[in-house]
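A.B. asks: Shown below is the structure under consideration.
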Amino acid sequence: MVVSRSPGGYRSGIITLVGRPNVGKSTLINSLVGEHLSITSDKPQTTRRIIRGVISRMNAQIAITDTPGIHKPKTPFGKGLNEMTTCALSASDSIGICLPVNQKIGSGDRFILDKVEAIGPYKKIAIVTKIDRVEKRDLLLKLSEISDLGCNFAAVVPVSAKRAVQIDLLKDVFFENCLNFSEKLFFDHEKPSVSDQISELIREKALCLLEQEIPHSLLVEVEEILTDSNRVFIHANLYVERNSQKMIVLGKGGRTIKNISITSRLAIESFLGKKVYLRLIVKVVKNWQKSESFLGKIYLS
């Protein structure tokens, strides 16, 4: 993990963002880092990988980790996502707990707080997300609700990642509270692998075009990437669990998969800075979320 011995006085830290699905963690990390690192969607449980962004200042570095939303899993796939988050928490020294201002604190939030407490004595920062969606009075009620939790938060910071409201303040809070190491832990611009980023771009575009029932059953695997001087050739598989879902992904006359391919290709071209030839194949693997052998081979290994 450590990439170099630091000069005298260098400080660094790791903060992991946690919260229920769809509370704004991915939009937040993209805003904090200033890049599109993590997939965003209005559909829950969008993040399926551990995404890390790095913020550097003079003699200091913060690594921010985005995690899949913590939930009570019903399948081996859901269990695997929770295990990813637990591993990320174990490697952290501070936790950013995301609480959307427009949703009441419920059993899911308390489940997460209990899980965090069970893993270790972390310094906790409450991040009130999506404040652009409510009036000031509602924000004050949310802050009172957080106070009633009785948690020993190091700070409570309301933000709007979408409109970049108080994002710089949140960075300041991170640097004030999360610097526990004396070494540089990561390269300044560390990102997920190219293959992972491409698969996430494809899945993001697919989520924008598909019906509500499909997202949880959709998995994207980049099988092959070939490059020459002028173009990148990419072959990716889109896995679903039922033939009926495959028909939805394909669409009438293949229109939906064509639109997914076009929007994905444009996004990948912007990301890579090259022309892209994209081949998408839709495959059915029955109940893949429950297949430990499939998940181990394709996704969670």
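Using the three backbone atoms N, Cα and C, a Cβ is placed for every residue, glycine included.
Reproduced below are the annotations present in Swiss-Prot:
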type	residues	note
BINDING	19-26, 66-70, 129-132	GTP binding site
DOMAIN	11-180	domain 'Era-type G'
DOMAIN	210-286	domain 'KH type-2'
REGION	19-26	region 'G1'
REGION	45-49	region 'G2'
REGION	66-69	region 'G3'
REGION	129-132	region 'G4'
A.B. asks: What is the total of other Cβ atoms whose distance to the Cβ of Ile131 (GTP binding site) is within 10 Å?
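C.D. replies: I count 22 other Cβ atoms within 10 Å of it.
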A.B. asks: Please report, as numbers and ranges, the same-chain residues at least 6 past the borders of the region 'G4' (129-132) whose CB is under 8 Å from any CB of it.
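C.D. replies: Distant contacts of the region 'G4' (129-132): 19, 23-24, 28, 98-102, 139, 158-163, 165-166.
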A.B. asks: Summarise the model confidence on the domain 'Era-type G' (11-180) as a single mean pLDDT, whole number.
C.D. replies: 82
A.B. asks: For a quick check of understanding: among the binding-site residues Asn22, Thr67, which residue's Cβ has the most other Cβ atoms within 10 Å?
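C.D. replies: Top count of Cβ atoms within 10 Å goes to Thr67.
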A.B. asks: Rank the binding-site residues Gly19, Lys25 by the number of other Cβ atoms within 10 Å of each Cβ and report the first-ranked residue.
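C.D. replies: By the 10 Å Cβ neighbour count, Lys25 comes out on top.
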A.B. asks: Report the DSSP secondary-structure composition of the domain 'KH type-2' (210-286) as helix, strand and coil residue counts.
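C.D. replies: Helix, strand, coil within the domain 'KH type-2' (210-286): 32 helix, 29 strand, 16 coil.
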